[in-house]
Amino acid sequence: MQTMLHAWIQYLPFFLKGVGVTLELTGASLAVALGFGFLLALARLSKIRILEGFATAFVEIIRAIPVLIILFWVYYGLPQFGVKLPGPLAAIVSLGAFYATLYGEIFRGGILGVDRGQREAAQALGMPSGTVMRKIILPQAFFAILPPSTNQLSNLIKDTSLVFTIGVADLMFQANAASANNFLPLDMLLLAGIIYFIFYLVLSKLLARWELNVQRRRG
């Protein structure tokens, strides 16, 4: 026990550096996922068949592939075509693309859940489609989108642990490096697991409180 605690104290500064990288990757990947996911949702709802077909194919294919394989394709595969991305950028692109398919389906479901009659009534009054979406559809869809969206954020944080496989110095990378130095892999992984659990606990509490505040304002 003393050996484990001593190792934790010794390597904690390195783990905290990894925490910073993990948070940066999570934030950047989430931004990509939300933006691209919204575009995918609109494309799948589009009346332009080519656009709808492309978006549907992209979503179905990417969702079926493990994140780790996508990560390797982007980091190791793209250089074969003359495109070499730094590790952090490759991680953001990979996680962003994968989670865009998940958020896209969440957004699409939320939009479809709004009463179609409201859209038809607004269009009958001469409102442009963009205005209808922005002022009528999205505000109502937001409340259906919120719970599953926050759940996916928790999954995104956990999936950032895969990026150490391409040399990105996140929390898991620091745990692996520390294990190689002190030959205490279980102790280092336990510390990493505790930190991930704290992430999840704090995030879930904050998101739950935010959802409650949103529901209260709505009521």
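For all residues, glycine too, the Cβ spot is worked out from N, Cα and C.
Note that the structure is predicted; figures quoted are calculated from it, not measured.
The annotation domain 'ABC transmembrane type-1' is assigned in TrEMBL to 19-207.
If you look up TrEMBL, you'll see 20-42 (among others) marked as transmembrane segment. Here the transmembrane segment (20-42) has long-range neighbours at 55, 58-59, 88, 91-93, 95-108, 111, 153, 156-157, 160-161, 163, 168-171, 173, 199, meaning same-chain residues at least 6 beyond its ends whose C-beta is under 8 angstroms from one of its own.
Under the heading transmembrane segment, TrEMBL lists 54-76 (among others).
Tertiary proximity for the transmembrane segment (88-106) is limited to same-chain residues at least six positions away from its ends with a CB under 8 Å from its CB atoms, namely 21, 24-25, 28-41, 44, 55, 58-59, 62-63, 65, 67, 70-71, 73-75, 78, 145, 148-149, 152, 156, 159-160, 163, 166, 168. According to TrEMBL, the transmembrane segment annotation covers 88-106 (among others).
The annotation transmembrane segment is assigned in TrEMBL to 162-183 (among others).
If you look up TrEMBL, you'll see 189-208 (among others) marked as transmembrane segment.
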